[in-house]
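Trainee: Below is one structure. I have some questions about it.
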Amino acid sequence: MNSLLMITACFVLIGTVWAKDGYLVDAKGCKKNCYKLGKNDYCNRECRMKHRGGSYGYCYGFGCYCEGLSDSTPTWPLPNKTCSGK
């Protein structure tokens, strides 16, 4: 019984450690812009939206960077898509 509990705990930790990080993108494939570097309420709110599943967001390099995103959330750079809307 203890072994099963330990294995389950390991899977939970692995899922947490392997969460996706990256810059959020807009509809054109560009990074979501931000101007207040560091702790940023806008980025944190955008990252933590339910459909994105992020755990924390902040402004880094004038783009919203998120930690703990779900695998289905697209992050910059998008393959085969430039930041021009084409």
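Glycine too: its Cβ is placed from the backbone N, Cα and C atoms.
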Trainee: In Swiss-Prot, CYS34 is listed as disulfide-bonded to which of the following: CYS59, CYS66, CYS83?
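Mentor: Disulfide partner per Swiss-Prot record: CYS59.
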Trainee: Could you tell me which of CYS43, CYS47, CYS83 is bonded to CYS66 by a disulfide, according to Swiss-Prot?
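Mentor: So the cysteine paired with CYS66 in Swiss-Prot is CYS47.
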Trainee: According to the record in Swiss-Prot, which candidate from CYS30, CYS64 pairs with CYS43 in a disulphide?
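Mentor: Among CYS30, CYS64, the record in Swiss-Prot lists CYS64 as the disulfide partner of CYS43.
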Trainee: Among the disulfide-bonded residues CYS30, CYS34, CYS59, CYS83, which ones place their C-alpha within 10 angstroms of the C-alpha of CYS47 (disulfide bond)?
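Mentor: The disulfide-bonded residues passing the 10 Å Cα test: none.
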Trainee: Taking the Cβ of CYS30 (disulfide bond) as centre, how many other Cβ atoms lie within 10 Å?
Mentor: 19
Trainee: Around CYS64 (disulfide bond), how many other CB atoms lie within 10 A of its CB?
Mentor: 27
Trainee: Across the whole of the domain 'LCN-type CS-alpha/beta' (20-84), what does the mean pLDDT come to? Round it, please.
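Mentor: When the pLDDT values over the domain 'LCN-type CS-alpha/beta' (20-84) are averaged, the result is 92.
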